[in-house]
Amino acid sequence: MLDTADLLTSDSGLLPLELPGREVGRARVGARSQTHQGTNDQAQLVARAQAGDERALRVIYERHERQVRGHLFRLLGPDSELDDLVQIVFSRAFAAIDRFEGKAAISTWLYRITANTTHNLLRQRFRRERMRQAVRAFNIGREADRVQPSKVEARDEAQRLLEQLSPDLRQTFVLYHYEGLTLQEISTILGRPVSTIGDRLTRARKKLRKIVCEAPHGLG
């Protein structure tokens, strides 16, 4: 049977978590493919969008909606407000399109807007999760014959593990392991030094390993 720890660890360390409806590494391909479309194509598309061409805005939306939705899902998990948040991200992006200078890929720019959009929400949820953990600590059973979780249950538990990371650590972990971005790219998106990003990634991995190791009778 699949243990949640199998989704998080391997001989080489933590692996990207596989979540329902998404293939691990799909975002990595998407992030890289934007680069290969060519800077000229992006410059022309942005210029049209900045001139008020609604068709150009639609192209940007259609190219990147899956990326934004996937990133929101990996940060927040299943959420009834996911559709609204996707619209909020693109509304903010299009409102600020005149300030986009083309120094980074559109995908990188959208990652930053998504991170800023979810920052306060992640902090609120982190505080609520800490409270739930404190309550659950009094109700944890230690059954000797605990049933191993199914694959879906293990994925759900993996998502709950991510929710125990602080917002800063979670964003860094998701951008690196899920989205396949480099430390330098994450540094640009979050506006923090590369050394800070590397430190956050290390602390996120250690925190997740600690949670997995200390969980009674495994996770599930």
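Any Cβ shown, glycine's included, is placed from N, Cα and C.
Bear in mind that TrEMBL entries carry predicted annotations, made automatically and left uncurated.
Residue counts for the domain 'RNA polymerase sigma-70 region 2' (60-125) by DSSP state, with H, G and I taken as helix and E and B as strand, are 54 helix, 0 strand, 12 coil. Annotated domain 'RNA polymerase sigma-70 region 2' per TrEMBL: 60-125, in sequence order.
Counted with DSSP, the domain 'RNA polymerase sigma factor 70 region 4 type 2' (156-208) comes out as 42 helix, 0 strand, 11 coil. Residues or ranges marked as domain 'RNA polymerase sigma factor 70 region 4 type 2' by TrEMBL: 156-208.
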